[in-house]
C-alpha cells in the first residue's frame with residue numbers, strides 16, 4: 001500500500017533549483033532511503049513533505065490526499081527528526097520530551113507513559129533529569145529522535161540522524177530505526193553515508209543536483225553497474241601523474257584519489273592488475289596493497305554522476 | 001498545543017538563564033540600593049527631614065537706609081503729599097517699627113517656623129561656601145534697600161518692590177523648595193498687610209480723616225508686628241501638592257523597576273529568532289503548532305517574566321530598603337498594565353528581529369534605546385528636575401508611564417489620578433501587538449532548508 005506519493009515535485013528558490021521534478025512512492029512499512037551528497041535536495045524534499053515549505057509545483061499525497069492543499073492531513077501522523085538538534089539545551093531531557101509531547105497534543109498520564117516508552121527506546125531513561133547541554137553529541141541525537149516518536153507517528157522522517165556522532169551512538173540509532181520499522185513504522189531515511197542507507201533501507205532513491213538519478217532496492221541499484229568492480233590501491237607514496245596513467249588503461253572506466261588511496265572502476269577485475277602495475281612502475285610510485293571490492297552504492301553513485309558521495 | 005505550554009517552556013528557559021537573571025533581577029536590586037544611598041540627599045522622607053539650615057545674607061546697610069528713609073520723608077516725594085505733623089508721626093513710627101525685628105524675631109524665630117528652619121547670618125561669600133559644601137540647604141538674600149523699601153511700604157502710602165532671593169543646592173531640591181515656600185509666605189503676608197494699610201490710608205483720605213490714622217500710627221505698627229507674629233505661614237510637611245514625601249529608596253525602587261522591565265522586552269525579543277536558529281520553531285510548525293500561538297506564547301512569556309521582575313523588586317525594596325509603594329492593589333494594577341505594554345514591545349522586537357534575521361536590533365535596543373528611555377522616563381534623574389519637553393516625552397515611554405504611576409501612588413494619590421497613564425500603557429501594549437501581528441502575517445522562507453541545500457545548488 002502506498003503511504004506517500006510524490007508527483008513531479010519542484011522547489012525553486014530565487015535562482016536555485018533545489019528540487020527539480022522528482023517523483024517516488026513510499027510504501028507502508030518500508031524504510032525508504034534518500035541517498036545523495038550534501039546539497040542534493042534531500043532536506044528540501046523532506047521540508048516539503050513535512051509541510052514546512054510549499055513546493056513550487058507538483059503534488060505530495062498522503063494516503064491519496066494532497067498535503068500541499070491540506071497540511072493538517074499529515075501533521076499529526078508524521079514524526080520528523082531534523083538534521084540539526086532541534087531541542088532546548090537549557091531544559092532537561094524530560095522537559096524537552098514533555099514540551100514536544102504537548103506539541104502533539106499529548107498530556108497527563110498518556111504523555112508520561114509515552115515519555116517512559118520513548119526514553120527506553122532511545123536508551124536515555126536514566127539521563128532524563130540532566131539538562132540537554134550536559135549530554136554528549138550521541139545522546140542529543142537520540143533525544144532528537146525521541147522527540148519525534150512520542151505521538152507514535154505512522155511515518156517517520158529522519159534527516160541525516162547520525163551526523164557528527166561516535167560509532168557506538170550511530171549503531172544504536174541504526175538499530176533503533178530497524179526496531180521501529182519492525183513495529184510497523186514507515187520510515188524515510190536520508191543520509192550521505194552510503195553504508196547506513198545500505199544497512200537500513202529496503203528501497204533507495206539516489207539524488208543529485210535536485211534530481212533522482214536512480215531508484216530501487218540495493219540489489220537493483222547495484223545491478224546498474226553489473227560486472228563493474230572497484231579496486232583500491234594503496235601507496236607508500238605516489239606521483240601526481242599516476243592517476244592519469246591508470247585512467248589511460250583501456251579497461252579502466254574511472255580512477256580517482258580518495259584520502260590516501262586511488263580508487264579504480266573497471267569491468268575487468270582479474271586481468272587488469274598486470275596493466276596497472278606496468279603503468280605505476282613508469283612513475284615514481286610504489287604500491288603497498290591492492291584490494292578488489294564488490295560494487296556498492298558508492299560505486300553506483302560514482303558511475304551515475306562521475307563523483308564521490310563525499311564530494 | 002496550548003499557548004500556555006509555550007509560555008511555560010519559555011519561562012523555564014528564561015529562569016534557567018543565569019546571565020539573564022543577573023541582568024534583569026540582580027542588577028536592579030543592586031542599582032536601586034546604590035542609587036538610593038548615593039543620591040539620598042535629593043529626596044527626603046518622614047524620618048530624614050529634620051531642620052533645614054539656611055544662611056541669611058544682609059546686603060543692606062541698616063543705618064544708612066533708615067537715614068535715607070528719614071531724608072525722603074522730609075525732602076522727597078513723600079513730603080509733598082503728607083502734612084508736616086503727619087510726617088513727624090511717621091518718623092516716630094520708624095523708631096518704633098523695626099524691620100529686622102519683623103523679619104528675624106517675629107518671622108524666622110516664630111515658633112512654627114523654628115521647627116523647620118535654622119538660620120545664621122553670614123556674608124555672601126561664606127554663605128556660598130556653606131551651600132557648596134551642603135552644610136546649608138539654601139541662602140536667603142535680603143537685598144539692598146530692604147530696610148528702606150520695607151519702611152516705605154509699611155509707613156507711607158507708597159509701595160516699593162522688595163525681592164528676597166533664595167539660592168538652593170540642586171542636590172537638596174526638596175529642602176530648597178521648602179525655603180522658597182517660606183520666603184514666599186513672608187512676602188505674601190507683608191503684601192497683605194501693606195495692601196490693607198494702603199486701603200486704610202486711601203479711605204481715610206477720601207473721608208478726610210487721615211489725621212486720625214496718623215495719630216494712631218502706633219496702633220498701625222502694633223497691628224503689623226502682631227499680625228506677623230500670629231500669622232506665621234502654615235507649614236505642613238508634605239510633598240508635592242500636599243502628598244506623602246518619597247524617600248530615595250522608594251523613588252529608585254520604582255525607577256529601576258520601570259527601567260529594568262524593558263530588558264525583558266529585549267530578552268524576549270531575541271527568543272523568536274533563537275527558536276528559528278535552533279530549528280525548534282520549524283519543529284513546532286511541523287507538529288502543526290500555529291505560528292500565531294508561538295507569537296502569543298512569546299507575548300505571555302514576556303508578560304509573566306516582567307511580572308516576576310516587578311514582584312521581586314517590590315518585595316525586596318519593601319522589606320529590605322523599606323520603600324513605601326503605597327496602595328498595593330493599585331501597584332498590582334500598574335504592574336500588570338506595565339507588563340502588558342512591555343510584552344507588546346518585546347513581541348514587536350521579536351518579530352522585527354525574526355524578520356531581519358540577526359540580533360543587531362535587540363542589541364541596539366538593550367545597549368542604547370533602553371538607556372535613552374530610562375533617562376527620558378526619569379529612571380536616572382527625577383523627572384521633575386528635567387526640562388518640560390523631556391517631561392512630556394516621558395509620558396510616551398512605557399517606563400516613564402509606569403514610573404509616573406508608581407510615583408503618584410507612593411505619594412498617596414488614588415487610581416483616578418493615574419487613569420490617563422494606565423490607559424496609555426494599555427494603548428501602547430495593544431498598538432505594539434497589532435503592529436507585531438501585521439508584520440508577522442507574511443510567511444517566510446525557512447533558512448533551515450536554504451542553509452543546507454541552496455548554497456550547493458546549481459543556479460536555475
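Sequential numbering from 1, following the chain as shown.
Yeah, the Cβs are placed from backbone N, Cα and C, and that goes for glycine too.
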Feature transmembrane segment in TrEMBL, mapped to one of the ranges B:364-383, B:384-403: B:364-383
Candidate ranges B:225-247, B:294-316 [criterion: TrEMBL lists as transmembrane segment]: B:294-316
TrEMBL annotation of transmembrane segment - which of the ranges B:199-223, B:249-273 it falls on: B:249-273
